[in-house]
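Visitor: Handing you a structure now.
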Amino acid sequence: MNRATITYNDKCVRYFLWASIIWALVAMLAGVLAALQMNISMEVIRESTVLRPIVEFLSGGTLETEGIPYITFGRLRPVHTNAAIFAFVGNMMFAGIYYSTQRLCRCRVASDKLTWTHFWLWQLIIVAAAVTLPLGLTQGKEYAELIWPIDLLVAITWLIFGYNFFWTLIKRNEKSLYVSLWFYIATIITITMLYVVNNLQIPTSLTHSYPIFGGVQDALVQWWYGHNAVAFFLTTPILGIMYYFLPKAANRPVYSYRLSIIHFWALVFIYIWAGPHHLLNTALPEWLQILGMLFSVILWAPSWGGMLNGLLTLRGAWNKLQTDPVIKFFAAALTFYGMATFEGPLLSIKAVNALSHYTDWTVGHVHSATLGWNGFMAAGMFYWLAPRLWKTELYSKTLANAHFWIGFVGILLYISALWIAGIGQSLALNETANGYVVKQFVETLDNIQSMLFMRSIGGALYLVGFLLLAYNIFMTCRKGTAVDATVEVTVRERDEIDRVTLGTIVKQDPFAAVLGLLIALVFWVTNPSNIFSLAGIIFFSVLAFVRFKKNVKKWNDWHETITANYLPFTIVTFFAAAIGGAVQIIPNALTAKAEVIDDRLQVVYTPLELEGRDIYVAEGCHNCHSQMIRMLETDYVRYGDYSRLGESIYNYPFQWGSKRTGPDLAREGGDISQGSEVMRQGLRDNFWHFRHFMNPRDIDARSNMPSYSSLASSKTNFSGLPEKIRVQSLIGVPFPVMTPHEIEGHAQGQALEISKSIVAQNPFISWVTPDMSRQKIEAELAQKEIIALIAYMQKIGVYEVPVDEDGKPKAAAPAPWENPDQDKAKH
Amino acid sequence: MDKDSQQADADIRRADYATEKGEVILRKHEYDGIQEYDQKLPNWWLVALWASIAAFIIYYTVYYTFDLMPSFSDEMDAKVEAVQEMRKKALAETLPKLNDNSLVNVWSTDAEIVAAGHKTYTAMCAACHGADYKANGGTTGRALDDGIWEYGGKPMDVFNVINNGSPEGSKGLNGMKMVAWGETALTPKQVAEVTAFIISINPADFADLKN
């Protein structure tokens, strides 16, 4: 046996660590800013001569000022979420993965070149995101906002990372894979799948594209991605990190190997199915909603498996909780993980979701996970790593403890304030009497102002805690010297490693039982009235259980063989993770796009309305407004007829929204105005919208919406429309055939008509000078984005009921995702 | 048998031995110094896992395999019907009390009703018609203090305009039309209160109906 001395590449860990800390501060600062923007309508601040100018500036002029478009809430929130997820947690994850993988493989990372390419490209992506998002360049899909050139860069960088990681696995001097590595593998392959599918898009320009999925399909794909970005970017890699750093820090063996096995496979398999719980009570087909809900409930136990395995590993090391800040952070992080993964399934229950969805409760929920679980895991890991990476003691334990308590209080303030605000506002919104709402939307804002201010304080405290961390780590670096660890390892011959073949694994007994179970499950879920598949599930479950009981050792051996070779392990993991999405998405994706759904078919946008919609997307309006009236009495009473799938089938991307900081907009659109060919008036007239965009507080002094007065100065991009319409036609929207010239002419005509209707009311517009003729003002205003946006507002949710020759509503074509037998039973 | 597989065999024997004796198994293999126990899974945890799986099967079976529950849209349609009934009832309760005479002589003379109407006006109407009833010089809506009643000057005409919005077929003000408040936000009673309030600020226009 050859012994060799190797040096780990710890320099990259140091770089990733610092990148994570710096971006964490940026992300949290953006978060605090966004939170402050929510506070602007508070009486205390509005009346104060000191606070008001400060908040006014910070909040992007959401009071009666002109407004700074770059940091309006709709643009700032994606900056915050992307920075927190991909920059802060991303870099932290890479630091942890590079550090632990090298040690768990007992070899240096396969390629330093790839490692550094990975590092610098990732930072480039973040900078590109930080520049493009405030400019309003976005895809309009949550956590997938980045425009297509950056998406490509992300995909390339991720593949480099993955290649480097697997190459390191191949070169390893350790026979089998430790549980941390399982989680890293699941992360890398699943994120690749999610990111690629959700970002399938066709560019219309260098900075703009349309997703290839629209309406309900986009909704499904987006939340399959969105939910699992949480699962496989914020959860599994951090669990892997936990499995390495926690036993290291506690110096105790991991509590239970079999618990690791069960909760790993359960998480990988089940998480993927849970996406539709973001779309409960919407127009999404019932079976998908139920699947999303039920799989979310099943997720509870496997998630707690991770928490238990972590917390119980601390048995015998609890005394360190008093002295070691690292253990303090880890223990609290696991507890918050447990709390968040209990709250998650709870919020996924349809009835609870009816109360919680679209409210601040959800915001509180995700922050208990990101601040509590991700943030504290990061802090614990950094405090543990810094002394080792710089070969010295931590600069100050006292400061680290102070960080812990300040952060802890910050989180508790944050989440409890949003529990109260979310539930409180929801109850106020749900209050009805005699079939009418009791409170207008804006009236429910009064109740939550103090809680939202409390949230800002909680978030700011957390940021202060992290500043302490940055200082502490910085001083530790200054005190010590950067050292790459050197160890002596036994060099394994290549024929000792990864010898188990996929065939060996497949041929073994447990494989058949598990595979049979999965196939039966897929059949039953997609066709539940088929009793045979249910019988199959029961048969294979019993078979698996009996065989397991009969020969535990064989099952153990089987799992050992899987973890002995990285490739079959990766393949099996991929299939486990892919099944859920495939079952849920493929039937929908096969649907013809012009299908009449629920007897309704969306009316195709005019060119100007399409451009207006792109402005709506660019401004991030969906961050605060939904376009989905749920199948709930309260939604119906407040907003009108509940939304059907057919109404948004041509929306690329869908804009159902996930939070109602303002009211739903699904019924804003309306009929064509009298005497006009294209101009519409929905609930409100053009001039109302104009005034409202210029200054929402002009309409209602209590409004919390930012001013969009800048849209009255920014120019609409008419010339990009022909290409946009060409692409939309390509993906299936039945636009009438028009030449580029006709498209621009049509858009200009509609814009001028709307502009005239507004100028007729003598509005105040900043660029209008006394010598301008009325025609000139009309022509100038028609070129502005505000007009296109108004055109879109008047079109939202407009649909037709297609009729056959007898004038009866055309029967909806059977949607392929609905099982025909079941359809008969229901109707 | 190479050394490693002998070792692995010994480990399992050790594991079996430990299982028989009810001892905690500590797996032999170490990863960078990290060891693993192989503790049994907590029973309550197993119960939670199996119970949630059972719930899945029962729920899905009840909903789909045997179709024992109404579908979401059936449920929703029932709720919609109930809301419509309630609204009809509310309208039926208020409408008989309303006529040109009662609006002027009963509703608009009751200080409480007028105050309630004023409150609603400030919250919902003032944005366009102005806190001073002049509608920003007539640009954002019709002034309510100029004695001109575009859609009829009878109290019930005012009620109907608020309740149903600008009449169908009317051209509106430069094309701008008012929302049907009765369909979107206000109860019939609230609409009547606002009507009473508007009458109260225009006493001269409704003097002929005054008893």
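Placed from the backbone N, Cα and C atoms, the Cβ positions cover glycine too.
On a predicted model such as this, the values are computed, not experimentally measured, just so you know.
TrEMBL lists these features:
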DOMAIN    A:21-484  domain 'Cytochrome oxidase subunit I profile'
TRANSMEM  A:79-99  transmembrane segment
BINDING   A:His80, A:His367  heme b 1; low-spin binding site
TRANSMEM  A:119-140  transmembrane segment
TRANSMEM  A:146-170  transmembrane segment
TRANSMEM  A:177-197  transmembrane segment
BINDING   A:His227, A:His277, A:His278  Cu cation binding site
TRANSMEM  A:257-275  transmembrane segment
TRANSMEM  A:326-346  transmembrane segment
BINDING   A:His365  heme b 2; high-spin binding site
TRANSMEM  A:366-386  transmembrane segment
TRANSMEM  A:398-421  transmembrane segment
TRANSMEM  A:452-474  transmembrane segment
TRANSMEM  A:509-525  transmembrane segment
TRANSMEM  A:531-548  transmembrane segment
TRANSMEM  A:569-590  transmembrane segment
DOMAIN    A:607-797  domain 'Cytochrome c'
REGION    A:805-827  region 'Disordered'
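Structural setting of the listed features?
Guide: When pLDDT values are averaged over the domain 'Cytochrome oxidase subunit I profile' (A:21-484), the model yields 93.
Within the same chain, residues at least six positions away from A:His80 (heme b 1; low-spin binding site) with a Cβ under 8 Å of its Cβ are A:Ala27, A:Ala30, A:Gly31, A:Leu33, A:Ala34.
When Cβ-Cβ distances below 8 Å are used as the criterion, the transmembrane segment (A:177-197) is approached by residues 93, 97, 100-101, 104-105, 144, 151, 154-155, 158-159, 161-162, 165-166, 169, 221, 224-225, 228-229, 231-233, 236-237, 239-241, 243-244, 254, 257, 260, 264, 267-268, 272, 563-564, 566, 569-570, 573-574, 577-578, 581, 585 of the same chain, each at least six residues removed from its ends.
Counting every protein chain shown, 27 other Cβ atoms lie within 10 Å of the Cβ of A:His277 (Cu cation binding site).
Below 8 angstroms of C-beta separation, residues 179, 182-183, 186, 190, 220, 223-228, 231-232, 235-236, 239, 243, 291-292, 295-296, 298-299, 301-303, 305-306, 308-309, 348, 559, 573, 576-581, 583-584 of the same chain, each at least six residues beyond the ends of the transmembrane segment (A:257-275), sit close to that stretch.
Through the fold, the transmembrane segment (A:326-346) approaches residues 242, 245-246, 249-250, 296-297, 299-300, 303-304, 306-307, 310-311, 314, 317, 320, 352, 365-366, 368-369, 371-377, 379-380, 383-384, 401, 404, 408, 411 of its own chain, all at least 6 residues removed from its boundaries and within a Cβ separation under 8 Å.
With a cut-off of 8 Å between CB atoms and residues at least 6 apart in sequence, the same chain places A:Ala340, A:Glu343, A:Gly344, A:Leu347, A:Ser356, A:Ile415 near A:His365 (heme b 2; high-spin binding site), listed in sequence order.
Non-local neighbours of the transmembrane segment (A:366-386) in the same chain are 13, 17, 20-21, 24, 84-85, 88-89, 92, 95-96, 99, 230, 234-235, 238, 241-242, 245, 248-249, 325-330, 332-337, 339-341, 343, 394, 400, 403-404, 407, 410-411, 414-415, 418, 459, 462, 466, 469, 472-473, 476-477; each lies 6+ residues outside the stretch with a CB under 8 Å from one of its CB atoms.
Long-range neighbours of the transmembrane segment (A:452-474) within the same chain, counting only residues 6 or more positions beyond its ends whose Cβ lies under 8 Å from a Cβ of the stretch, are 17-18, 21-22, 24-25, 28-29, 31-32, 35-36, 38-39, 42, 360, 364, 367, 371, 375, 379, 382-383, 386, 394-396, 399-400, 402-404, 406-407, 409-415, 417-418, 421.
Cβ atoms under 8 Å from those of the transmembrane segment (A:509-525) belong to residues 287, 291, 533-534, 536-537, 539-541, 543-544, 547-548, 551, 554-555, 558, 579, 583 of the same chain, restricted to positions at least 6 beyond its ends.
For the transmembrane segment (A:531-548), the residues of the chain that approach it from at least six positions outside its boundaries are 509-510, 513-514, 516-517, 519-521, 523-524, 554-555, judged by C-beta separation under 8 angstroms.
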Visitor: Within 8 Å of the centroid of the Cβ atoms of A:His227, A:His277, A:His278, which other residues of that chain place their own Cβ, given that this set defines the recorded Cu cation site?
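Guide: Surrounding the site, in chain order, are A:Trp223, A:Gly226, A:Ala274, A:Gly275, A:Pro276, A:Leu279, A:Gly292, A:Ser296, A:Ser348.
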Visitor: What Cα-Cα separation, expressed in whole Å, is found between A:His277 (Cu cation binding site) and A:His367 (heme b 1; low-spin binding site)?
Guide: 18
Visitor: When you measure from the Cβ of A:His367 (heme b 1; low-spin binding site), which residues in the chain that are at least 6 apart have a Cβ under 8 Å away?
Guide: A:Ile411, A:Tyr414, A:Ile415, A:Leu418, A:Gly459
Visitor: Might you list, by sequence position, any residue in that chain lying six or more from A:His278 (Cu cation binding site) with a Cβ less than 8 Å away from its Cβ?
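Guide: The list for A:His278 (Cu cation binding site) reads A:Trp223, A:Gly226, A:His227, A:Gly292, A:Ser658, given in order along the sequence.
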Visitor: Please state whether DSSP places A:His227 (Cu cation binding site) in a helix, a strand or coil.
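Guide: Helix, per DSSP.
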